[in-house]
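Straight from TrEMBL, the features:
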| type | residues | note |
| --- | --- | --- |
| ACT_SITE | Asp74 | active site |
| ACT_SITE | Asp275 | active site |
| DOMAIN | 56-403 | domain 'Peptidase A1' |
| SIGNAL | 1-22 | signal peptide |
Amino acid sequence: MHFIKILLHLLALYATFQRCYSEANQLRDAKTPTDCTPSSSILFEVTGNIYPDGYYYVSVCLGDPPTPYHLDFDTGSHFTWVQCDAPCQKCLPAPHPPYKPVTWKMKGCRDPICEDIRYPKDHVCESPNEPCTYYLRYADGGSSLGVVINDPITLQYTNGTLIKPDISFGCGYHQKHPDPNNRPYVDGILGLGSGKEGILSQLRELGIIKNVVGHCFSTQGGGYLFLGDEFVPSSVVWTPMITSDEFAKRYFLGVAELYVGGAATGVRDLRVLFDSGTTFSFFAPEAYGALVSMLSNDIKEKQLYRVHDEYLPVCWRGPQPFESIEDVKNIFKPIALSFENSQNTWLEMYPEAYLIVTKDGNVCLGILDSTAIGAPTVNLIAAISFHDKLIIYDNENQKIGWTIANCKDPPQSQCHSLVIN
């Protein structure tokens, strides 16, 4: 019996090893071109969709031996954490058992990385050996409490080179969510905001990548995410990141004007943030009201009528139930934001970037009133509105860009096309 337990344990370890290194093993048998230069990016396969799942995630290998964890990647959050056996006081349902720290190399409360995430904020650090406690609360009411640790993360450049740096991330031992059964089924959050405690800044400090991140969500589900500057196409339209104390560590694009079907709504000075970790976009009340009104007027002659749907507040139904977004692409007009900080810079959102078709065959508006999240002056452009676009956050040059893309087709490295999963 004891031998069988050992064998099962070894098989489990082998399976884990294979999951984190399968792509590396494939690559080792391939011939690297002689003119191949060192890669500058790390590419991840993205899993998920807007409906019905409501989130996207990547698989990240933590610890030694490396173990995969599904992390909801979030450009609206600056800190990475994983549910942790520290021991776990309250862990939510997740794909994998809580992470077990390898070395228990905890960050002290006087460590620079602890400055902006220390909990409570006014805590006086009595000793450098005192652990750094963090607490994060999200707009949906979820939260994570834990300590900051330093452990290995396994990453693979697109040319096949494996690296295993130690990074600081949260060991979350107490998680909450207002609806634990209706939340992203993940092990934690991959925070891709611009704070110094974020994974982007840490990897940049270690000389592993440039502080650039890009993501691409397919309307059909899935997509890709990259860290580094290797896959930035020349077709990208750029606008400056705006520095703001109010939106520190967030991706703030300044103010914009709203257009519907090419027509000005008269709603200007909309403060715009990008946030990949939120499912649906949010408009400030004036913009939201104008959008709903103009869309409703545009479809009056299209035999659509308002209906109640439990999934979203504003929905329409046609003579027959809709089967997919393809059924309504020619009925609804595109909407757009024109950014004041960049001449002729527009973010266009076609119907697939602001509508969903529910299981009841209704078409629903995937943009909500921002008063619902207690931020009536904020316009949050979220995952649904990034459909079929490559979005790039260039922290090196303080700019954000986008271009239309086939998000089911990952970019090609000059050495290899390689995805970590």
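Cβ from N, Cα, C; glycine included.
Long-range Cβ proximity for Asp74 (active site), meaning a same-chain Cβ under 8 A and a gap of 6 or more residues, is found for Ile189, Leu190, Gly191, Leu192, Gly193, Asp275, Ser276, Gly277. DSSP gives Asp275 (active site) a coil state; it is part of no helix or strand.
The Cβ neighbour count for Asp275 (active site), using a 10 Å radius over every protein chain in view, is 23. For the recorded site, Asp74 (active site), the DSSP three-state label reads strand.
For the domain 'Peptidase A1' (56-403), the predicted model reports an average pLDDT of 95.
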